[in-house]
2 protein chains.
Amino acid sequence: MGVQQHKVSVIGSGNWGSSIARLIAQNVRKQPELFHETVRVWVFEEEVNGRKLTDIINQDHENVKYLPGIRLPDNVVALPNIQDAARDANILVFVLPHQFVYQTCEKLRGVIHSECRAISLIKGLDFQNDEIMLFSDEISRILGIECSALSGANLASEVALEKYGESTIGSKNLEVDGKIFHKLFHTGYFNVTVISDYTGLQICGALKNVVAIAAGISDGLKYGNNTKSAFIRRGLLEMRKFGKTFFGGVHTETFFESCGVADLITTCAGGRNRKVAEAFIGSNKTIEQVEMELLNGQKSQGTTTALEVHRFLQARKMTDEFPLMTSVYQVIYEGAPPESIIDALQH
Amino acid sequence: MGVQQHKVSVIGSGNWGSSIARLIAQNVRKQPELFHETVRVWVFEEEVNGRKLTDIINQDHENVKYLPGIRLPDNVVALPNIQDAARDANILVFVLPHQFVYQTCEKLRGVIHSECRAISLIKGLDFQNDEIMLFSDEISRILGIECSALSGANLASEVALEKYGESTIGSKNLEVDGKIFHKLFHTGYFNVTVISDYTGLQICGALKNVVAIAAGISDGLKYGNNTKSAFIRRGLLEMRKFGKTFFGGVHTETFFESCGVADLITTCAGGRNRKVAEAFIGSNKTIEQVEMELLNGQKSQGTTTALEVHRFLQARKMTDEFPLMTSVYQVIYEGAPPESIIDALQH
């Protein structure tokens with residue numbers, strides 16, 4: 001590498017960004033030989049109770065808007081200007097809503113360190129014109145640096161409270177990037193495994209939400225645990241098939257990792273995607289109305305992804321090959337009777 | 001085969017035996033070219049309201065003791081003598097409590113058809129003197145016939161009500177036995193997949209109950225969905241490792257079948273093993289006392305299997321290789337603090 005200490009910048013400061021910045025700030029302090037003590041965080045500036053959010057974070061050591069009640073270590077430094085936040089960093093941690101990825105990367109061109117590596121904690125896949133891109137690949141392409149990815153059965157709020165959780169990092173370069181990211185993220189309450197299959201990892205993170213809608217439909221129809229577990233299992237198989245059909249380097253073992261079966265189970269047990277679908281069944285409302293009521297008008301990621309996956313498959317005349325994903329789309333968007341989702345299992 | 005129609009006998013008539021006899025009786029009627037219409041069922045004779053249980057089943061077409069309220073087709077014929085029930089059968093379906101397997105097989109020697117095949121729906125594994133046997137192998141050995149196995153995320157009561165469920169059949173001989181058993185069991189509401197790995201299938205069916213105890217401990221400690229899914233995932237990995245370490249022919253794909261991940265998910269979501277463990281945490285009672293209260297003194301299969309697996313591993317000095325199974329044993333039987341189960345994940 002040619003550097004003494006890695007300088008870490010976290011790009012994003014929502015609930016997940018703040019939780020992970022807190023964990024990173026703890027970890028870098030324990031490893032001064034590897035990491036610079038200061039963890040810079042780019043914060044989208046806003047006013048909270050008449051003060052700037054960056055000032056609140058830097059003075060009170062708390063992100064009162066997105067992670068209230070949790071103290072941040074004082075080596076977390078919030079910056080409102082993204083170029084100041086990222087300049088000379090060796091490690092960029094991307095943890096921001098997917099709609100901001102492109103504009104954010106554009107601003108980073110030219111200011112990043114020549115030997116910089118990135119990791120994407122961005123949720124979802126990037127659908128554009130019936131194509132699918134991985135956000136890690138897009139970051140890598142735009143900035144000309146390697147980009148790994150992290151995903152797993154972990155909730156921001158639990159990580160912030162130091163409740164035990166597990167996660168998976170997917171990295172092309174296990175020997176260098178994989179090792180550094182393991183040191184940056186792994187700790188007693190956040191158990192990280194590193195794998196090479198960064199593609200399968202990101203596919204799991206997006207498609208699990210579509211499967212959670214199937215689980216929610218099952219719950220809404222009062223189908224019981226056995227039928228619900230049948231949907232989860234078929235969903236797992238379709239996630240794997242999707243990855244292996246449309247991407248290279250997707251391994252079966254990935255689906256045994258935290259980013260695979262564990263995240264899928266927890267998303268189908270609780271979570272807003274499952275809840276929205278359950279409430280949709282028998283409601284005589286559109287999915288948009290249900291989301292308006294339950295999520296204050298935000299879209300649940302699963303419904304959006306179900307639509308995008310359907311368009312992707314339709315463009316390739318392959319909807320029949322993914323009967324569960326297709327049936328979720330038909331029930332949510334085309335008025336198909338919810339009970340017809342059972343047909344996907346009998347396919 | 002040299003036979004026109006397969007004669008099917010079901011050995012056992014409890015809740016699961018009665019449900020599956022009902023399904024089989026429906027299926028044979030739809031395929032007269034393959035199967036003899038009469039499905040004989042061996043019933044352990046007992047008196048119910050002053051009448052013999054076999055008479056009740058044959059006259060009223062209902063197993064009032066073990067499957068009340070469900071009508072059995074009139075081609076189900078109950079017989080109290082096991083040799084009468086099995087004589088000349090080409091297909092034996094074993095579905096009885098595991099403690100009766102050996103004595104039952106002994107009675108069948110000599111009366112079974114020369115071209116007979118069997119399938120085991122018996123739950124669990126056979127632990128003897130720190131060794132583990134598969135019940136399908138034991139039936140095969142004692143009777144000198146091939147024996148397949150069936151297991152999956154299905155409940156007897158749901159199958160009886162024709163609610164949609166899935167299951168897996170493991171068979172050494174996919175081309176002949178596998179095909180016949182698929183025709184015998186598969187139907188619209190009971191979706192059967194046939195695989196060759198009858199070993200992995202039976203290991204899943206037994207060890208899932210130990211994992212369900214870990215899930216119940218997690219619930220008892222109020223650990224939340226992410227930690228619980230971490231236990232389920234580690235359990236799945238240890239189930240696979242157990243199979244691959246101690247048996248031949250265990251395939252990773254088996255764990256993606258209904259007998260694998262689906263049955264595990266549903267067992268860890270509901271089920272008596274999970275429930276017993278949850279109630280045990282913080283109760284200041286022994287596991288036997290908890291079982292006495294919740295199960296009327298029956299043992300939950302998971303606690304027994306946890307003990308047997310531990311003895312098996314201890315005899316091989318391999319407890320460290322299976323930290324979750326070992327930790328379940330220590331919490332349930334050795335007074336280890338329940339919170340120590342987290343150590344199994346950090347192992």
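Glycine is no exception: its Cβ is also placed from the backbone N, Cα and C atoms.
Here TrEMBL flags B:7-175 as domain 'Glycerol-3-phosphate dehydrogenase NAD-dependent N-terminal'.
The NAD(+) binding site annotation in TrEMBL covers B:Gly12, B:Ser13, B:Gly14, B:Asn15, B:Trp16, B:Gly17, B:Phe44, B:Phe100, B:Ala156, B:Arg272, B:Lys299, B:Gln301. Mapped onto three states, the DSSP output places B:Trp16 (NAD(+) binding site) in helix.
Counting every protein chain shown, the number of other Cβ atoms lying within 10 Å of the Cβ of B:Asn273 (substrate binding site) is 25. Under the heading substrate binding site, TrEMBL lists B:Lys123, B:Arg272, B:Asn273.
Sequence annotations record features per position, and here TrEMBL assigns domain 'Glycerol-3-phosphate dehydrogenase NAD-dependent C-terminal' to B:197-342. Residue counts for the domain 'Glycerol-3-phosphate dehydrogenase NAD-dependent C-terminal' (B:197-342) under DSSP (helix as H, G, I; strand as E, B; rest coil) come to 115 helix, 0 strand, 31 coil.
The annotation active site, proton acceptor is assigned in TrEMBL to B:Lys208. Within 10 Å of the C-beta of B:Lys208 (active site, proton acceptor) we count 30 further C-beta atoms, all protein chains included.
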Residues flanking the substrate site, with Cβ no more than 8 Å from the Cβ centroid of B:Lys123, B:Arg272, B:Asn273 and excluding those residues themselves:
B:Asn209, B:Ala212, B:Thr267, B:Gly271, B:Ser300, B:Gln301, B:Gly302
Residue among recorded positions B:Lys123, B:Lys208, B:Arg272, B:Asn273 with Cα closest to the Cα of B:Trp16 (NAD(+) binding site):
B:Lys123
How long is the line from the C-alpha of B:Ala156 (NAD(+) binding site) to the C-alpha of B:Lys208 (active site, proton acceptor), rounded to the nearest angstrom?
17
Which value does the mean pLDDT take for the domain 'Glycerol-3-phosphate dehydrogenase NAD-dependent N-terminal' (B:7-175) in this predicted structure?
96
Long-range neighbours only, meaning 6 or more apart in sequence with Cβ under 8 Å: which ones does B:Gly12 (NAD(+) binding site) have?
B:Val41, B:Trp42, B:Val93, B:Phe94, B:Val95, B:Leu96, B:Pro97, B:Leu121
Pairwise CA distance, B:Phe44 (NAD(+) binding site) versus B:Lys123 (substrate binding site), rounded so that it is a whole Å:
18
How far is it from B:Lys123 (substrate binding site) to B:Lys208 (active site, proton acceptor), counting Cα to Cα, in Å?
11
I'd like to confirm something. Which of the binding-site residues, B:Gly14, B:Arg272, B:Asn273, B:Lys299, has a Cα closest to the Cα of B:Lys208 (active site, proton acceptor)?
B:Asn273
